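Chemist: Structure incoming, see below.
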Amino acid sequence: MKVVAVCDKNFKEEGQFPDQVRYYSDYNRLLQEELDVLLVCLTNDIAPDATIAGLNRGLNVFCEKPPGRNMNDIERVILVAEKNPTLKLMYGFNHRYHESVKEALQMIASGKLGRIINLRGVYGKSKLITFNQPDWRTKREIAGGGVLLDQGIHIVDLMRLFAGDFIDVHSFISNSFWRYDVEDNAYAIMRTSDGIVGMLNSSATQWRHRFNLDINLERGSIILGGILSGSKSYGAETMTIVTADPDNDNGDPIEQTTRYNKDLSWDEEISYFADAVLQNKEIKSGSYQEAYQTMRLVYRIYYADPEWRKNYSIPNPDQK
């Protein structure tokens, strides 16, 4: 793929870079270019409209997560996507493409450790705004939600990827520390129809940044620790395979840890999308259907806390 044009509201005027790439401050002007693909990396309030505009223009679209601020945003996108079945629409759930995650999936699929019993996940950072980011993530009207929708959605998506859909959800949602109108902590315990339990904490009060996902199975565990990210602040990315022998190991089982030193996830993610466009392949990982289900689980977590639901008028995500 070749970059033809870019758009950013911070551009004060339209123009052209030395490499002939044109730039705009309004995505509607950009859409007047001769394009095949649109990559959307905008704030949550604008991303759905830009995605819809791209699809209506006949473009294949890759949009960063989350799909929008709320269920209505992604439902509007899906209505347009379903009217354009020949176009590709993919959402950027990047953590699916990390080597640790891919190898954990392979291990689970092999059946060597049996079926999943439960999952426990923590994804946390020390602020809602980190590394000089703009403050839109702290504003409900723009962001739609806080740390769960912005960052925790990754671990929600991974739990769905490993265990399937969670139907029974209980939660506590809080903004008691940073006191914005979006959450700085979300705690959830969930269960699938076949009894797999998931527990998670998505936090903006995790003073030492942390990513950890324990997957406990009948004959052992898979522990994903750390994640290679742009900030390099979540520690080394590792996968530990625990082989359980409870009658003989005295609670200290054999472990084998693999450490991953290169993050190829961004390249692999966009290559997957490009291949789907060029070879007319179905998008299975990061499809809008998957994005919808992950977004719905995020909103089930919001809705499950009665006080949060009341204070911020959270609609039931299972009722249209």
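Please read every residue number as a count from 1 along the shown chain.
Note: Cβ is positioned from N, Cα and C throughout, glycine not excepted.
Pulled these features from TrEMBL for this protein:
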- 2-87: domain 'Gfo/Idh/MocA-like oxidoreductase N-terminal' (DOMAIN)
- 102-222: domain 'GFO/IDH/MocA-like oxidoreductase' (DOMAIN)
Chemist: Looking only at the domain 'Gfo/Idh/MocA-like oxidoreductase N-terminal' (2-87), what are its DSSP counts of helix, strand and coil residues?
Modeler: 27 helix, 17 strand, 42 coil
Chemist: Could you tell me how many residues in the domain 'GFO/IDH/MocA-like oxidoreductase' (102-222) are helical, how many are strand and how many are coil under DSSP?
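Modeler: Across the domain 'GFO/IDH/MocA-like oxidoreductase' (102-222), the residues distribute as 34 helix, 44 strand, 43 coil.
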